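Per TrEMBL, these features apply:
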type     : residues : note
COMPBIAS : 251-261  : compositional bias 'Gly residues'
DOMAIN   : 48-169   : domain 'TPM'
REGION   : 241-273  : region 'Disordered'
TRANSMEM : 187-207  : transmembrane segment
Amino acid sequence: MRKWPALWIAALLLLTAVALWPYAPAGARAAASEQSSSEQTAQKQMIFDDAELLSRADYEALNALANMYAAERETDMIIYTTPNPEGADVKRITQDYYDAQGFGYDKSHGNTVLLTVDMKGREIYLAGFYKGETYLDDRRLDKIRDRMTPAMSEGDYADAFRTYLDTAHRYMGFEPGVNPDNIVFRLWFQLAVAVALGGAVVGLMAYRSGGRVTVTPQTYQNTATSGVLAHHDRYIRKTTTKTRIPRNNSGGSGGGGGVTRGGHSHSGSRGSF
């Protein structure tokens, strides 16, 4: 009989895992059935540092990281920095650069996430194309931009670009429409829930195994001599008040997406640093 609590715990944890499975990172679910495609014969150029913000060592490290992440997500992860001497709009620069370069993981003008850094206007623009648009919508791109902006403002460009690559890679591991920063995806939270559920099951089993209590307050109560008199309440009337709740019509924007002059739709996020 002592084996039952352990069996209950195992069954409950299994049900919990099944319940959370639809919200698990897509990359984690695919890892068991797909081989890594990171073993490509040659690295592609993913970093285009026209503004010369990176050292050679940082460039090579980031380009290798971008290639590894691109293979895992089947999406090119591009960084383009420009001095922008003409003062062109950063969103237009991004769109035209994608059209001209034809980025894409497995085909021209394909799956891409593109970061453009305009050093003249001190602005950044992130865009997701095709699979990049699906998995990195405007809201997720806003989150990525918010994470990397402090390092950009401090001039730590290598760290900012690493944050961009790391976060884009992680976010693309979650199904569209899921908040990748939700607390339920944190390992410590999942462990805490598992421990709490296990403790609850053990406590319930221990409670049920202790026998039933048949003595109640009525067991020793003499209703004939009790000083409690029977009574009832009579409902008279009901009064209600109404309070108007104002509707919030305001909304923030990080630039948003659009369509390039070449006809390619994309998500987008824009901000200064």
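Using the three backbone atoms N, Cα and C, a Cβ is placed for every residue, glycine included.
Remember, predicted model here, so these are calculated numbers, not experimental data.
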For the domain 'TPM' (48-169), residues assigned helix / strand / coil by DSSP: 64 helix, 23 strand, 35 coil
Stretch-averaged pLDDT - the domain 'TPM' (48-169): 98
